[in-house]
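Taken from TrEMBL, the feature transmembrane segment applies to A:26-46, A:86-111, A:123-144, A:174-195, A:231-253, A:282-301. Here TrEMBL flags A:86-300 as domain 'ABC transmembrane type-1'.
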Amino acid sequence: MAKTASIAEGKRKAGRRYKGFSSWNNYLFLLPALLFMAIFIVYPIAYNVVLSFQDVDIYNFRQERNFVGLDNYVQTFRDPVFGTSFVNSVIFTVLSIVFQFTIGFALALFFNMKFPGRNLFRSLTLLSWMLPVVITGTIFQWMLSGDYGVVNALLQSVGILDAPYNWLSEPKTALLATVVANIWTGIPFNMIILLSGLQTLPEHLYEAAKLDGANKWLQFRHITLPLLRPTLLVLLMLGIIYTFKVFDLVFIMTNGGPVNSSTVLPIYAYQLSFSTFEFSRGAAVSMIMFAMLIVIAIFYLRLTSKEEAN
Amino acid sequence: MAQMQIPSAGLREEPRRKVRWQPWAKTALSLLMLAVFLFPVYWMIRTSMTPVTALYQNPPQIFPANPSMDAYLDNFVRNRDMLRYIGNSFIIATGTMVLSLLIAVPAAYALARLPLKGKALIMILLLSIQMLPGIMMAMPLFIMFSRVGLIDNYAGLIFADLIHSLPFAVITLRPFFLGLPSGLEEAAKIDGCNKFSAFVRIILPLVKPGLMTVAVFCFLFGWGDFIFALTLSSSDTVKPLTLGLYSFIGQYGTEWNNLMAVATIAALPIIVIFITMQRYVVGGVTSGAMKD
């Protein structure tokens, strides 16, 4: 009652009325989180920016540094490995997303039907997503290994391969092998998000369509897809961002090799920072990656705010 | 008229004929798909129980004839290195979980229910942090931490893991607070609570499911972390199991039964949590990813 009365009198009065709940000490609840973010997130990012304009490596990182302007960025763009890793990152991301998304979507449609045990099966698929990536990488390394890997054995027994093939140490297939493992981890995430989207769609639209004689495909094309559009867009955007920064899986399976054939941008940044210890070069690569992600993130935030407005 | 009859005729027949077998056919189909999909997990467990002699058989047996526990005995009973890694993983994962909750819960509450300025900005900041590549944080943290002695330190690893678990926790918890009825704090105040005791005594017990979900996921973040363990620790004293498994690959190369035994043990807490906390897990997948 107090609330309705105060609406007309404006916010000032409402503020006074719930004094205990609207004063400065509300910020105390946020303080630990803000402090943490300032020290461990904002500061390191700012530090990264500064580093990328200096000449810091393992020898001088405790001492005075020199500013070198855009040198690190120029060097990065001149380095052919940067181009290779960028292309690899794009291939890795696009292939992963296409397959995760379509397989996840198909599974979501399947699990959206009612049948005994569907909840159990649906959540069991999540196991692949929850497994630490190091474990996933190790399992796939073993399954794809040349001489005794189960994948080769399988392909040989059905006659696709004549001789064992070393998926991870051939430049032609190393990146693809990491993509396969990444698809496997990503399918459940796509499925669960799409499934929760599907479950919000109103049943009566499908009943009406059925009465009009629309078959399953037409229903999918004209009801499911348009209504699910916001979910699809957000999911694709998030998928791109998450996939673009995948590091562990590639590091474990191939470490970027052979001869950079599977080096993606995070691996490239890692090698500069922690193999050759050229911190400033690594920082520059991180900044370039960051810029790419920001572009995608801006799209993402605009999409979510548009969705909120609807 | 004709148009009206066709669907109703269909409706009359469909339920009777299809209801009996079709759902079970779907169950069978999903069982089959699940078996294919989770084959890698099966293969990990199978390999861990394969004796060395049967390891390099071609073609490999899908079901091992005589399973052996040697790999487990070798790596966890005779050799104790892995036990230390497991202990480290538990310390790091538990620390990540506790600290994430301590910091994120009040923040999520404030962002959901208290009048504050700049809420939208903070939410955007949190969403963006989730998108940061780990390597971008690892390098500056390495330099920062090596100055203040946080390299090779549990606290250092926990702080680093919090970079991803904290925003996740706040974003996931906020909707739980938003979903509570609006007069709660005022009622609590009338009953003599102040802002902080109302939060602890009245509000927190009501969002228990949310707290469980977040706790489970933050633990998993800490347990599964690799990049920070790789870059911010070098000695065995704090190395978690993920890193132990990785260095094991380098050391033992192709002793896949040993590797898979270690991998299985590393996966075990995940599988246990997964089975016991299933309902919290499914909720966490969607809430962290989407807007509220």
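Backbone N, Cα and C atoms are what each Cβ position is placed from, and that goes for glycine too.
Provide an account of the burial state, proximal residues and distances for the features listed.
Long-range contacts of the transmembrane segment (A:123-144) within the same chain: residues 107, 150-152, 167-168, 177, 180-181, 184-189, 191-192, 248-249, 251-253, each at least 6 residues beyond the stretch ends and with a Cβ under 8 Å from a Cβ of the stretch.
Tertiary proximity for the transmembrane segment (A:231-253) is limited to same-chain residues at least six positions away from its ends with a CB under 8 Å from its CB atoms, namely 89, 92-93, 96-97, 100-101, 133-134, 136-138, 140-141, 168, 174, 177-178, 181-182, 185-186, 190, 193-194, 197, 225, 262, 264-267, 270, 289, 292-293, 296-297, 299-300, 303-304, 307.
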At a C-beta cut-off of under 8 Å, are there same-chain residues at least 6 beyond the transmembrane segment (A:174-195) that contact it? List them, or none.
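Sequence-remote neighbours of the transmembrane segment (A:174-195) are 88, 91-92, 95-96, 99-101, 103-105, 107-108, 111-112, 122, 125-129, 131, 133, 136-137, 140, 144, 167-168, 228, 231-232, 235, 239, 242-243, 246, 249-250, 253-254, 257-258, 261-262.
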